[in-house]
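Colleague: Here it is, the structure, as structure tokens.
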Amino acid sequence: MKKYTDLQDIDNIEALVNEAIQLKKNPYQFLDLGKNKTLVMLFFNASLRTRLSTEKAARNLGMQVIVMNVNAAWELEFEEGTIMNLTASEHVKEAAQVISQYADCIAIRAFASLTDKEKDLQEMVLSSFQKYASVPIVNMESATAHPLQALADAITLKEFSGKKKPKVVLSWAPHPKALPHAVANSFVQMMQLLEVDLCISHPKGYELSDAVVKNTTVIYDQEEALRDADFVYVKNWSSFQSYGQVLSQDPTWMMTQEKLGTAKFMHCLPVRRNVVVEDAVLDGPNSLVIAQANNRTYAAQIVLKNLLENQ
Amino acid sequence: MKKYTDLQDIDNIEALVNEAIQLKKNPYQFLDLGKNKTLVMLFFNASLRTRLSTEKAARNLGMQVIVMNVNAAWELEFEEGTIMNLTASEHVKEAAQVISQYADCIAIRAFASLTDKEKDLQEMVLSSFQKYASVPIVNMESATAHPLQALADAITLKEFSGKKKPKVVLSWAPHPKALPHAVANSFVQMMQLLEVDLCISHPKGYELSDAVVKNTTVIYDQEEALRDADFVYVKNWSSFQSYGQVLSQDPTWMMTQEKLGTAKFMHCLPVRRNVVVEDAVLDGPNSLVIAQANNRTYAAQIVLKNLLENQ
Amino acid sequence: MKKYTDLQDIDNIEALVNEAIQLKKNPYQFLDLGKNKTLVMLFFNASLRTRLSTEKAARNLGMQVIVMNVNAAWELEFEEGTIMNLTASEHVKEAAQVISQYADCIAIRAFASLTDKEKDLQEMVLSSFQKYASVPIVNMESATAHPLQALADAITLKEFSGKKKPKVVLSWAPHPKALPHAVANSFVQMMQLLEVDLCISHPKGYELSDAVVKNTTVIYDQEEALRDADFVYVKNWSSFQSYGQVLSQDPTWMMTQEKLGTAKFMHCLPVRRNVVVEDAVLDGPNSLVIAQANNRTYAAQIVLKNLLENQ
């Protein structure tokens, strides 16, 4: 692994998941690997789980960690050839080259704008850093992908799955705010790499990008989609076609214990209780959300370990 | 010690203070204790001394430290059963469980609102984290208590006291802003645990909670209260009865060198010069405020040491 | 070295630069020097390079690093004898003494106001901390000086200079905002310590302080100044006489490849492309800006090493 910006950076997902599960049993066995190595984490957006789990993962490997919360005081220019006489005081060309000299790995969080579809699809921030940096880039959730979350999801699925080919349903849920597609995209792409029977369910108008969905089954009737599910991953996203719009907040799409039945419940967190999913599910025995969050550490750690080993 | 949210978590205050004074002589003797252990510090309010001293204490024990300044970007829900369709994006149930997986100890600062007395007395933030977390919670100043400050005060008192039972006066001081009761509460409660002759002095209307004061002497006449004092702890707080109100800014309550006489002067800092106390006191030989601030490190360190040893 | 607040703290610049270049070859050879030592970094202004390079430098020496971004929530009082009943909640007297107990070195960034010339020249923040702190102070850019940048510049010059006495030109450049004089001041003062042929070029009205310029040549005609230059350091600053004013944004002062010729290009970064300097220079082979930024680490590290060795 030379970078971890999307799931295509994974050579062998089975092996990676197994390696992560082994690592989890003894997280401190590679403390020497990160000696005198520095992870710089750049947050263009706020973070709880990603911040804590990735920092912990790096420290579990003996790395130094420097966290930068990027804000209005440090505005970057991303376009080529601009006359920089407005608000941006530094070009990403310099920023990426400079930080590369202080870091052995740069992890970046930069959400979708949800207003400029083309820019979001270009992954302006992430791809610019990747273009100019001389050290590996890790995606801590970009405009279109959240591959660390998807890896944690794969680890969790492996830990809790008894079947050879479980049925996995990604079910859209209502939410008061317009949310990005990154988690849903990466979850779908990850499931496409695994031996699972995947289907996606959402109201009409909430179709994810064709480039992501490919030939995955989409069922607009949630009840039909959930039938015989082993794992139900619930997540809100805004419309992709009517880009960034909230087309529906239909509460009948909220996940309930009755709908879930005996399936395992997954969500990336944070989750709005009694809007996305009812209390009974989250507080019940079939919720995997806390285990998923725990696996964020080992997903990040196995990625960083791979990057360190390939430097 | 299984947690340190209030002074009732202390088994034996004498022993704890003595242990802290020993630790201070060689702060790095337990560097292995915190190996591969992580302290997550959550600041719902800003901090200087608490941030620096607690972080230093943890590092003195070899712990990793992750600091999160919680702000508007991460609003937590604390009520049960809410339909979370407003601003809070995460419930403390998930937050506390999740952070517990990344941390071996969670330290929390969450001040009083001074507007909602009932909520403040319930210690909504601290008690919710304590309810749902699976690792020890440390109080870095909550709505009603500041037990790390009180422990630093006890250490300082021990270091500077020549008497068997010194006279200690907690004297209210004027301040332009409405301040919480946490420091005063914990100081009173700590003194009640020690062999001291304690009295509290403040203008009428500034009575602290009965649950804190118990049978401690309250003297409304500052001059009378200060007579023969060995230690004078000066602190402003807002009214408890007229909750959060500034009833008086009477400058005659400011501590002066003349009033102090030969007594030692204590204050938790930050302190407003020439409002709470005159320059002559702070710059004079009887001020213990810098020593007190130094003892914040050893107070935090002895608490963290106890928590680590009992895990 | 007992502190590093300005270039006068350097005993022997030749030796220091050579030591830094040696250190760069094996940055981790003094990991024991900083064991159980803490650097507290106080940022009164935002920072990228200085934050990352100084933190990395400290960690390269095995130090603990605690970063405090000082904001409106912690307003300091600097004047003596004030009645502190306004917004400042803590006096620098207490702050500096207290932080000195948690730190083995305090690094401070506090920019010029550019509105109050007298206060800026007094270096209120830096000098106050220096007055009351009991540990060494490092200047991470103050109102009038940026000695860590100047040291990185000296290291870079040494690395890239083939001549015994190269010609170095400091050339003013246009900029949409009013910028401080700190970088220009320290660069001039550093060059005055070295074996170089220095001249300064800027439009009339942009004269730097006489106390800085001394007998250094000033040439108002940029073309004449640049003739036969070996190194061209480009930097914007606001007027010193008409304090903090932007008198000119004359684009003909922008550095171009044509003007630069075969000279090496230097800039402290961040730099506004096509305002201060055209793309062709920054993207060309004669730009040293990335190397300069890299040397920030070793400048900071050699300073911290000296301070630790002299404690």
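First residue shown is number 1, and so on along the chain.
Glycine too: its Cβ is placed from the backbone N, Cα and C atoms.
Bear in mind that TrEMBL entries carry predicted annotations, made automatically and left uncurated.
TrEMBL feature annotations, pasted as is:
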DOMAIN    C:8-159  domain 'Aspartate/ornithine carbamoyltransferase carbamoyl-P binding'
BINDING   C:Ser47, C:Leu48, C:Arg49, C:Thr50, C:Trp74, C:Arg109, C:His146, C:Pro147, C:Leu148, C:Gln149, C:Cys268, C:Leu269, C:Arg296  carbamoyl phosphate binding site
BINDING   C:Glu141, C:His175, C:Lys235, C:Arg272  N(2)-succinyl-L-ornithine binding site
DOMAIN    C:183-304  domain 'Aspartate/ornithine carbamoyltransferase Asp/Orn-binding'
Colleague: What same-chain residues, at least 6 away in sequence, bring their CB to under 8 Å of the CB of C:Leu148 (carbamoyl phosphate binding site)?
Modeller: C:Tyr4, C:Thr50, C:Thr54, C:Val138, C:Asn139, C:Met140, C:Glu141, C:Arg296, C:Ala299, C:Ala300, C:Val303
Colleague: For C:His146 (carbamoyl phosphate binding site), which residues of its chain lie six or more apart in sequence with Cβ-Cβ distance below 8 Å?
Modeller: C:Asn139, C:Ala182, C:Val183, C:Asn185, C:Ser186, C:Cys268
Colleague: Could you round the CA separation between C:His175 (N(2)-succinyl-L-ornithine binding site) and C:Ser47 (carbamoyl phosphate binding site) to a whole angstrom and send it over?
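Modeller: C:His175 (N(2)-succinyl-L-ornithine binding site) and C:Ser47 (carbamoyl phosphate binding site) have their Cα atoms 19 Å apart.
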Colleague: Is there any among the binding-site residues C:Ser47, C:Trp74, C:His146, C:Arg272 whose Cβ is under 8 Å from chain B, and which ones, in sequence order?
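Modeller: It is C:Trp74, listed by sequence.
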Colleague: In terms of Cβ proximity below 8 Å, which binding-site residues out of C:Arg49, C:His146, C:Leu148, C:Arg272 neighbour chain A?
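Modeller: Going by the Cβ criterion (under 8 Å to chain A), the qualifying binding-site residues are C:Arg49, C:Arg272.
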Colleague: Consider each pair of residues in C:Ser47, C:Leu48, C:Arg49, C:Thr50, C:Trp74, C:Arg109, C:His146, C:Pro147, C:Leu148, C:Gln149, C:Cys268, C:Leu269, C:Arg296, all listed by the record as binding carbamoyl phosphate, and report the largest Cα separation in Å as a whole number.
Modeller: 29
Colleague: Would you mind listing, in sequence order, the residues at least six apart from C:Arg49 (carbamoyl phosphate binding site) in the same chain with a Cβ closer than 8 Å to its Cβ?
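Modeller: Counting only residues 6 or more apart in sequence, the Cβ neighbours of C:Arg49 (carbamoyl phosphate binding site) under 8 Å are C:Leu269, C:Ala293, C:Arg296.
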Colleague: Minimum Cβ neighbour count within 10 Å among the binding-site residues C:Lys235, C:Arg272: which residue?
Modeller: C:Lys235
Colleague: At the Cα level, what's the spacing in Å between C:Lys235 (N(2)-succinyl-L-ornithine binding site) and C:Trp74 (carbamoyl phosphate binding site), rounded?
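Modeller: Distance between the two Cα atoms comes out at 32 Å.
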Colleague: Between 0 and 100, where does the mean pLDDT of the domain 'Aspartate/ornithine carbamoyltransferase Asp/Orn-binding' (C:183-304) sit?
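Modeller: Taking every residue in the domain 'Aspartate/ornithine carbamoyltransferase Asp/Orn-binding' (C:183-304) and averaging pLDDT yields 98.
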Colleague: Between the Cα atoms of C:Arg272 (N(2)-succinyl-L-ornithine binding site) and C:Ser47 (carbamoyl phosphate binding site), find the distance and write it as a whole number of Å.
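Modeller: That separation, Cα to Cα, works out to 16 Å.
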Colleague: Would you identify the secondary structure of C:Cys268 (carbamoyl phosphate binding site) according to DSSP, in three states?
Modeller: coil
Colleague: In DSSP terms, helix, strand or coil for C:Lys235 (N(2)-succinyl-L-ornithine binding site)?
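Modeller: In the DSSP reduction, C:Lys235 (N(2)-succinyl-L-ornithine binding site) maps to strand.
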Colleague: How many other Cβ atoms are found within 10 Å of the Cβ atom of C:His175 (N(2)-succinyl-L-ornithine binding site), counting all protein chains shown?
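Modeller: I count 22 other Cβ atoms within 10 Å of it.
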Colleague: May I ask you to report the DSSP-based helix, strand or coil state of C:Arg296 (carbamoyl phosphate binding site)?
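Modeller: DSSP assigns C:Arg296 (carbamoyl phosphate binding site) to helix.
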Colleague: For a three-state summary based on DSSP, what are the helix, strand and coil counts in the domain 'Aspartate/ornithine carbamoyltransferase Asp/Orn-binding' (C:183-304)?
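Modeller: Per-class counts: 47 helix, 19 strand, 56 coil.
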